[in-house]
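Participant: Annotations for this protein, taken from TrEMBL, read as follows:
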- 35-76: repeat 'WD' (REPEAT)
- 122-154: repeat 'WD' (REPEAT)
- 263-293: repeat 'WD' (REPEAT)
Amino acid sequence: MAWGNSAGGQSEREEKVSLELNEEILQSMEVGMAFRDYSGRISSMDFHKQSNYLVTASDDESIRLYDVATATCLKTINSKKYGVELVCFTSHPTTVIYSSKNGWDESLRLLSLHDNKYLRYFKGHHDRVVSLSLCLWNECFISGSLDRTVLLWDQRAEKCQGLIRVQGRPATAYDDQGLVFAVAFGGYIRMFDARKYERGPFEIFATGGDMSDANVVKFSNDGRLMLLTTMDGHIHVLDSFRGTLLSTYNVKPVSRESTLEASFSPEGMFVVSGSGDGSVYAWSVRSGKEVASWLSTESDPPVIKWAPGNLMFVTGSSELSFWIPDLSKLPAYVGRK
């Protein structure tokens, strides 16, 4: 990172990136950079997998594009007419899909951030979209709505390619290979073959009797693990092949208007999560124990994403914060050049 609080020059920054994440490094992490120019809460954000870009969506009706390497905001686009709630990158680093937040038009939009042009509208939902997940390997994506449907889309077509009815608020996610997607609701995670989804789920995993509303479901980068967060403040980690519930972490519950988000670290060793009291927590997947926490003066859970392949995670609340290790707190690294 060119903008942390380390003063050791280029060699130390290169070493910093090559460090392997462990509990000590995770405990040292603090805000290295913050953007406080939002006039509403950040509701969603996404890292592009092959570039240094980060995109955010906020209640102030803005979509903002950042270059993470230089910690600069490259562009702000306002969506005053439709509002914006969820945002995801497509494979292209300056094209996103986002959901609206105006209560009268639930279409999803394919937007070019480069020239602020709508490339396509995706119409089909009749209530707020609460989950959005894109496949990395083709032009497909899935969306889940409070209208109790999960719709399957191709970015090249305005009409949905498939529909799955659910009995509750759905959380959706593709695995990194794009072969499987998960749909969580009502205390279970249903696993679908992306090519034969119409046959129904090929596996159904239980989440320990937690029947509260699903918020977010995600796969680890290697696809071996998955996590599910729920409104009651539970973060469940499962083996994504066997469906075994490996551990459950507990934080403060969240309100119906908020979303509890958690994120795996790049190698899947740790989970970081927001909480209903605004705090951030980290746990070891291997031991199941809490390894770090950062208290907050906020009262709503931050959205949270770990940067791909980086010793950095980002939180979004009333401000956007980049969290990086403070090597001066680590005896093993002090004085190293």
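A Cβ is built for glycine as well, from the same backbone N, Cα and C atoms used for every other residue.
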Participant: What is the pLDDT of the repeat 'WD' (122-154) when averaged and given as a whole number?
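Facilitator: PLDDT averaged over the stretch: 96.
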Participant: Using a Cβ-Cβ cut-off of under 8 Å, list the residues of the same chain that are 6+ residues beyond the ends of the repeat 'WD' (35-76) and lie near it.
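Facilitator: For the repeat 'WD' (35-76), the list is 1-3, 83-89, 91, 93-94, 96, 98, 101, 111, 113, 136, 259, 300, 302-303, 305, 307-308, 310, 312, 314, 316-322.
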Participant: By DSSP, how many residues in the repeat 'WD' (122-154) are helix, how many strand, and how many coil?
Facilitator: 0 helix, 19 strand, 14 coil
Participant: Which residue counts does DSSP give the repeat 'WD' (35-76) for helix, strand and coil?
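Facilitator: DSSP composition of the repeat 'WD' (35-76): 0 helix, 24 strand, 18 coil.
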